[in-house]
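Over in TrEMBL, the protein carries these features:
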BINDING   A:C73, A:C77, A:C80  [4Fe-4S] cluster binding site
BINDING   A:C116, A:C209, A:R279  [2Fe-2S] cluster binding site
DOMAIN    A:58-284  domain 'Radical SAM core'
Amino acid sequence: MTTAPEQLDVLSVAREQVLERGVGLSEEQVLRVLQLPDERIGDLLDLAHRVRMRWCGPEVEVEGIVSVKTGGCPEDCHFCSQSGRFPSPVRSAWLDIPGLVKAARQTAETGATEFCIVAAVRGPDQRLLSQVREGIKAIREDGNDIQIACSLGMLTQEQVDELVAMGVHRYNHNLETARSHFPNVVTTHSWEERWETLRMVREAGMEVCCGGIIGMGETLAQRAEFAVQLAALEPDEVPLNFLIPNPGTPYEHYPVVEGPDALRAVGAFRLALPRTILRFAGGRELTFGDLGAKQGMLGGINAIIVGNYLTNLGRPAQEDLDMLQELSMPIKELSKTL
Amino acid sequence: MTYCGYCGKPTGEADHAACARRLGVIDPPRFCQRCARRMVVQVTPAGWTASCSRHGEIHSAR
Ligand code: SF4
Ligand SMILES: [Zn+2]
Ligand SMILES: [Zn+2]
């Protein structure tokens, strides 16, 4: 008697398909992973970890991020405390060049190879782009050769080309959630507009960093939809955030994602994206506490943001570095990323 | 009178246990504890500064 494929255990299927052959799970398969009972989470994370080790290796990519232009954004992303449309307590602020140089230096001192410059904007204007250009120049003059990424919203082709010329090697622009859920989260621009920026970034030769936020009212099916939509983009990096319900935003009263659901998402995204740099980003402190960070690192994650985020605080960088040492996971070095 | 750095309400009035948890884990103060004005806050990888237009700047220990 043969067993119909849909009756096979999804983790057994994934072992052959993802671990052995490196083929990411389909939407329907990801959904089955997201529906696994709690007692299978250990098996899931174990498999996701093996997939990561096989297709990415043991190294962990460490990154620091900083906001150069905080708050006052004209867009209405419902999770965001930096939108100027909600009564959030976050006020507008600009980081000056010496502040940016210092932030880059502090990031490099942790052993990080990536430094991401972020601005809360729909897209960059000339003032912001010159600030970024001057900032990158000043970081280099400081003797800091850390790789520089940017996240400045939606871009025109000219702006993409300008960033390439500045030596920006990776661009972050998150699709945030499944295409079918996006209009519930953002009304001031479309998922397709975001996709278009990502397409231009890729074609210009920059690395593509694109992820999103778990816990914005999406169904499990939409979570699975999002994972395969990201896989179709073939991003170099996927930052995985868990919703931080921020005061004043429409999602202020949304519940924090439960640890087991977050772990299922981590494992499922790894099985959908076997070769991608899968980064723990914002919200892990609230969702997991200290314990879950380790479970995630042993469950498919191979990159972290150390130190603080844009408007929220992270754990001290040293705690994460100690954790990596304890797990015997080497930090990716600059020479190996060039 | 002093005010909660997280929600900006007087510390004596409401229960600020949830506020304190957020401040202890992932949030810098957003409101001046002396006058409840919203502060201009800059978070950087290793710390934060928060300034009140009346009462000046405070910053993280690290
Ligand atoms: S575009 Fe970015 S900064 Fe602006 S509201 Fe959306 S997420 Fe926040
Ligand atoms: Zn409070
Ligand atoms: Zn004050």
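Even glycines carry a Cβ here, placed using N, Cα and C.
Note that TrEMBL annotation is computational and uncurated.
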Counting across all protein chains shown, how many other Cβ atoms sit within 10 Å of the Cβ of A:R279 ([2Fe-2S] cluster binding site)?
23
Using a 10 Å radius around its CB, how many other CB atoms surround A:C209 ([2Fe-2S] cluster binding site)?
27
How would DSSP class A:C80 ([4Fe-4S] cluster binding site) in three states?
coil
Cα-Cα, whole number of Å: A:C209 ([2Fe-2S] cluster binding site) versus A:C80 ([4Fe-4S] cluster binding site)?
19
A:C80 ([4Fe-4S] cluster binding site) and A:C116 ([2Fe-2S] cluster binding site), Cα-Cα, nearest whole angstrom:
18
Which binding-site residues among A:C73, A:C80, A:C116, A:C209, A:R279 have CB under 6 Å of ligand 1?
A:C73, A:C80
Mean pLDDT across the domain 'Radical SAM core' (A:58-284), rounded to an integer, is what?
97
Would you mind checking how many other C-beta atoms are within 10 angstroms of the C-beta on A:C77 ([4Fe-4S] cluster binding site)?
26
